[in-house]
């Protein structure tokens, strides 16, 4: 590798062989290199900037280039070339101003003579002759100088600034191209890899580009563009890439800015390309409209195929046999055609492309003909069919277009010789120039054709067939029919990316000033689209479409602000300023002018006082000069958007176009007939000689030429029209009678067809006229479909509520509700019920039972809520929906059920609405009960299941129907935890929330289903109300507007029934007709389109509001079904019915009503309040949060204060206070701890044994809260008494509890703190062996009274201890007297006014049962003697007696039945004990308390008597003993 990068000290060696990798034969001075050069000593890349050098003397240096850029060492002044082992290397001649790297040479005397390339295969030869260099240069174009010609590129032969220039100029001498091999490609790849060794992604992207080109994914222009953008900033790589480009393509780099994309210019055969800063490749648009990418994609393909038949590694267009780099070089260098032949071929290709476009435009209405033409060309190119067969097929295809056939002959080789005899007679002679365009061929070769190429397949050039793969044969046709689908990918065709600015080649344009001007114009315009428009102007000028004055005038738009370019352009076109163009006046700033509406501005007076010679006094009076149109758009970027037409307007426009076309042709034909009739009358007066010499001008003696020519073309066709026109001009005496007769015949035919079409047009016009006026109908349906869904309605409610909260936090005043609806017309509510009834009968998909339930609910609920008489719903909402029952039976049953009318709507609703709501609630509860009972017991009949629930509801509702006292509250006043008085600032009492007052607002609390039902209901109500308000307008339209009598006489005015296909309903009002149409739609008598047309006949463009009435009713019924089948809502409606019938209410009642509703729904259901104001007939809807107040209409501070305190003293949570904001008012450490294991049975036994049975609560505390101090003040003499019921957790057998209590008692009694406390050992020893019989026997007591008197004190102390223990056990006292436990944040004890919640003991009221029976205790002691032998021996008789008394008392107390453990406890009494309920009345509780007190008193008295008797028998103990 080091050998390959040898360095050479130029000028020190005298022999050519001494330069192993460089040979110099140039004797002139050297050129200073510039830019970044790479130095590779020892294979280590180093990048440095070349120092400046000067050329002090000598002629201007001539630069020399190698095909691979040299590597320059600035320190030693050496230039290093890589040894690529090439035979011959030719270089291009760059512009010296570009400053590229040149070869450093020594003095001329030290340079060797030019070597021979054949003798040194490893030497790179650089020619010193400029002429020779020009002849030998390859396709690399590294110069931007316009003075140097660019062989290999196709440029115009005529200057765009000089019209009618002779294109026939002597071509330059032919060029020779060095055959590239695989070594050149690999060397370039190594250079790219070395340049980007630190950026491998760029090298990989370059390889991807080459792979895409090889796979035919992209084409040559795309490759050049992407490589230029990839190597931007590396001019040596871009210049080196020119070596591999096909002829006609080159990349040039501007010397001003070689490192940016703006300095890169790409030249293609189709025109120049520019790469802007954004990386987009732009090019001038095609001059003759848009052309298909098919011929453009093949233009360079055909050129390259004709220029070179051998394979060489240039960027050829992708083909199946073309590779990116061919590893096998050609054995010999190919021969290229001269430049004039290539230019001629390019011209022929342009003509072929234009011909294909003409064929496509001609057969635009017959695409199959155009596709057939392309198939013929493809078959010729692929299958190499004979040219005679091609011509025969094309002649049949173009039978109706002889002009295309004549033009097609120009592309055929020797048609007159090779065509069949029958075709030669019909064809004309091939033009001479087409024959000369075809080069001579050998007899064995296939004739080369100038047919337009299709896709990427060029016409066959050799006789040997080249079959393509099958998958490739169909590809060009698909691309042609689909207009090149590949343009949608990153690849685009040459015609689209590089549109031609000129149709003629520009290779012979040698005017450097023009090219320089175009370059400056491109840089000045910057915008590629503007530059393309400028090129179009130049092309039109070169074609003499307009003169130089018009060109200069139009170019002011592009270069008006650049005086230099305008003067340059005038010099190029030799503009004569004899008729100077007026300087454009500055435009008026209309934004500063006075406005009139959004679209007009008033011009200043200086703009109004302008002379005008063509106006008279009337024009100055009438015409507007002051106001100009200046619409104000929504945005400066957005232009004016025309009104979007609907499909019916489009139909009318098409109809008018067809009608206009008929009228235009008939009118023009009539004018031509009149003109020819005048000439025919004139001709009758002429002699034969005058007729023979008579001619007509081009306008045939009329005022216009185009009108008559169009009529001739319409009647005779375009192929014969010109001949007829010439005959009319040259021989009118013979032609006019024939043509006149033909025109009159056509006039009769066209008028007959017009009459036939008028009938069809009239029908189409009637069907589309009213629909075309309805611009809101289509959009209304789509919007209404989204806005009536439950999801949309619920989200709208929540968004409004959230927005109101935000506004309220900002201090803004917001209403308490989210929606406020008005129901002023009760008749519309009746009409809605009418539509509901029709839909339930004809359109409902629910069962008959559900329909009956919904109908009953609607009758009762609508009358109850909206204060509408119940009788008005009976004719429309049937009570039965059985299939066997007819409508007459249903109506009669409804009338039988009809009650007597009442004058008061509320009273009427109370009588009838309640019964219907009761029926609905019965069915709802019944259905839920049936579902539950069917799972539990299958054998229970259906009747037995329904009867109890229905009777319960009847019983529940009948209780409130009997209550007619308005002052009595339906709901409970609510339990309060404290008695409170509300006082004002002056000490007067305020309302505590229990005062009843008259009301006009009735609340209905519901969930989201009920909310959606009300929203949809009001939507239907509002639309019917809007339609009803249009009654006067619709009535005037039907009766006041009279039809035109002429139109009626001609049959142009038809009755709406004839157009609709059915008769409109007859009614007194138009609104009634609309309701009947809605009924007929739901009944299925008319379809949706007929329904809409009928509404348009009644209301015109305002009828769109009822287009979706059927879908809206369907949505309402769907929500109604979910409401009536919801069991929770059934209970809520029961609460609403109880509140609705009351004319007076209080805030506390409404709070309790809301609490009951929330309880019925549960905590997860969203709550909304729908209230009805009977005075204003308005309904408000508001979303109820947990923190929202029930009464949202409080105004004064006193009302708000009383409302808050009234909610505060209730046992329910205070309204307006969130639960998370409530602070617990006691310490958690004071709560009883539960350290034991709940699963441990012994722990449960302990808890149950220590449980307190009785509970007591007496609430008598009263307080006062003044409004001014907000401090609680308690009333004197009031208090609260509370005893709680402990938690009983054990439900096992009672024996375990008894045993546990006895063991604990005996353990304590025998301890030092028990009965032995304070006694001496002798006393204990004496008392311990005693028994109960010995102690309490009468004889023993009498005889031993004196002896034991001394021990009286000790026994008395023991007796007192036992009495105290018994009292403690009997009274149920316990050491732990903490607060009762909380259940779900609420106390387990409910407070009341002096209410004792003791549980009944269930014992017999007989006093004898409460006394201690010692004999029974002895028996019981003997029965358990075996179980407690050890403990029995250690206990004294007194201890045994005390323990037995305690056990008996505990048993008596614990046998009180409990709702959890009573079933497991044995009955200790001889009489039957019935368990008491959980909650008893005050009277029963008082009786039980009295019994319990008596029992306890008797037990205590008996114990005291026993102990007193014992004390009298014993002696009084001494103080020491005590």
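Each position is counted from 1, following the chain as shown.
Positions of Cβ are set from backbone N, Cα and C atoms, glycine also.
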- line: In Swiss-Prot, the entry for phosphoserine among 1057, 1334, 1443, 1454 points to 1443
Query: Looking at 442, 1476, which one is marked phosphoserine in Swiss-Prot?
result: 442
Where Swiss-Prot places phosphothreonine when the choices are 32, 438, 446: 446
Query: Can you check which of 103-138, 139-174, 175-210 Swiss-Prot lists as region 'Disordered'?
result: 139-174
Query: According to Swiss-Prot, which of these ranges is region 'Disordered': 846-886, 887-927, 928-968, 969-1009?
result: 928-968
For the domain 'PAH 3' (504-576), residues assigned helix / strand / coil by DSSP: 52 helix, 1 strand, 20 coil
- prompt: Tally of helix, strand and coil residues over the domain 'PAH 1' (178-248) according to DSSP?
  reply: 50 helix, 0 strand, 21 coil
